[in-house]
Amino acid sequence: MIYIYNTLTKKKEIFEPIEYPFVKIYHCGITPYDTSHIGHLRSEISLDIIRRIFRYFGYIDIAISNFTDIDDKIIKRARELNLLNNWQKIPEEYIKYHLEQIKRLNNLPFYINPRVTTHINDIVDFIKDLINKGYAYKGKYSIYYDIDKYPYYGQLSGTKKEQWEQETEFLEDKKHPYDFALWKFKKEDEPYWNTEIGDGRPGWHIECSTMSSKYLGPQFDIHSGGQDLIFPHHENEIAQSEARFNTHPWVKYWLHFGFIKIKGEKMSKSLGNIIPAKEFLDKYGEDITRFYIGSYHYREPIDINEESINQAKENYRYISSTIKTIVNEINSLDRTFYLDDNKIKIWKELLNYEKEFINSIKDDFNTREATRILLEATNYINKNVIGSETFTLYITSYNFYNIASRIYGLWEDIFYGKESRENLTNILLNIIIDIRNELRKNKNYELSDKIREELRKIGIDLLDQGNKTIYRFI
């Protein structure tokens, strides 16, 4: 069974989906008013690994993620760029940018990426229902949600309604200072839609409630997003959704991803330390980025600095090299299954690493612990399996790494892709090894050593083991 930390209950719980084997997930996507940054990559990679873990354990995940393509921030940006008459250019540009970066990461695609602007009628219907049920009221400037009508407000964040004044510029228009806008009536120079509840545009929180319920139903399994969204966004989503659908809880499990820090400081525009997604991916590469983020627990903060990234690079390359060696050598081994006592001991230890790895990912998707186990197992495999010429030990190591590949979304090219290229490489290297062995037999050590040196320059190491030579990628 999988244990999952639920922000709603503040504890780990056994994961029990509403409709087994389906896992319905809604992820709060970006507001495309600027370029996506490393914080967005963190959320999407972490969620992708969680989806892969669900799939590994036999669940069928149905995941969607929205684009908030109309919002105060987009309007502000359009005004700054003198684009209010063509404001749609801004979200279009940044959605395109975001999708281009995510595509590089080998993420599982979302089933749907709904946009707010294509769901205006659904949003209007949602608000009408809240008005009819007495949870919403019209003011001069907006339609508001009446928080006093909802008894569970604050259950997610622990924030009392009296402690928060939302949309303070409209205080005189609201029944209570903590009420929030569902629909904002039009302003002279801003985009708006002509609807039966008035000309205007959606408030921030109503959008996600509407789109998630349209595609996943009135109650679903998991809602995810950054920790900065817990309040007020997710708190308000719960209030309006439980009011409309009369479900409690509306979402069973709330997942929130940790913050990003840059050299110990919170990443923010005011500090000028935001790292655009493309810049980070171009500098460090897709696989290193994926491994780096995946080596942290999804809820913990990540402090991005060169030291931690370089360590991730070293770890990733070490694991990759070992996997390549296992995959390249396994087919040439005699498939003899006899094991002496020492090799039985090694085999059992390999199985224990696999068990520990699986237990870690079942424990609230703990990829930090899983990565530690993966590295420890790799040390053990290099010491006890590589060069043993024992098929059972190789195939057990192979299976362990194959599980890790499925979870991290890495090393797939070694296991599944580029077969013709890998086979050609294997054939060519074996030809080179045969030629070099002939040179050694004829005591032409100068040329045989030169072959080894040249191969090392391109990342291939030849290991002489008695009368046999094997190769490994370094």
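Keep in mind that glycine also has a Cβ here, set from the backbone N, Cα and C atoms.
Annotation source TrEMBL lists domain 'tRNA synthetases class I catalytic' at 15-313.
Look at TrEMBL and you will find Cys28, Cys208, His233, Glu237 tagged as Zn(2+) binding site. Around the Cβ of Cys28 (Zn(2+) binding site), the number of neighbouring Cβ atoms within 10 Å comes to 21.
Feature annotation from TrEMBL assigns motif ''HIGH' region' to 30-40. When averaged over the motif ''HIGH' region' (30-40), pLDDT in the model lands at 97.
Residue counts of the motif ''KMSKS' region' (266-270) by helix, strand and coil are 0 helix, 1 strand, 4 coil (DSSP-based). The motif ''KMSKS' region' feature in TrEMBL is assigned to 266-270.
When other Cβ atoms within 10 Å of the Cβ of Lys269 (ATP binding site) are tallied across all protein chains shown, the result is 9. What TrEMBL lists as ATP binding site is Lys269.
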Quick one: pull the CA-CA distance for Cys208 (Zn(2+) binding site) versus Lys269 (ATP binding site), whole Å only.
-> 25
Count the residues of the motif ''HIGH' region' (30-40) that DSSP assigns to helix (H, G, I), to strand (E, B) and to coil, and report the three numbers in that order.
-> 3 helix, 1 strand, 7 coil
In whole Å, note down how far the CA of Lys269 (ATP binding site) lies from the CA of Cys28 (Zn(2+) binding site).
-> 21
Give the sequence-ordered set of same-chain residues, not counting Cys28, Cys208, His233, Glu237, with Cβ within 8 Å of the centre of the Cβ atoms defining the Zn(2+) site.
-> Trp204, His205, Glu207, Ser209, His223, Gly225, Leu229, His234, Asn236
Cα distance, Glu237 (Zn(2+) binding site) to Lys269 (ATP binding site), nearest Å?
-> 26
Packing count at Glu237 (Zn(2+) binding site) (other Cβ atoms within 10 Å of its Cβ) | 26
If you count the other Cβ atoms within 10 Å of each Cβ, which of the binding-site residues Cys208, His233 comes out on top?
-> Cys208
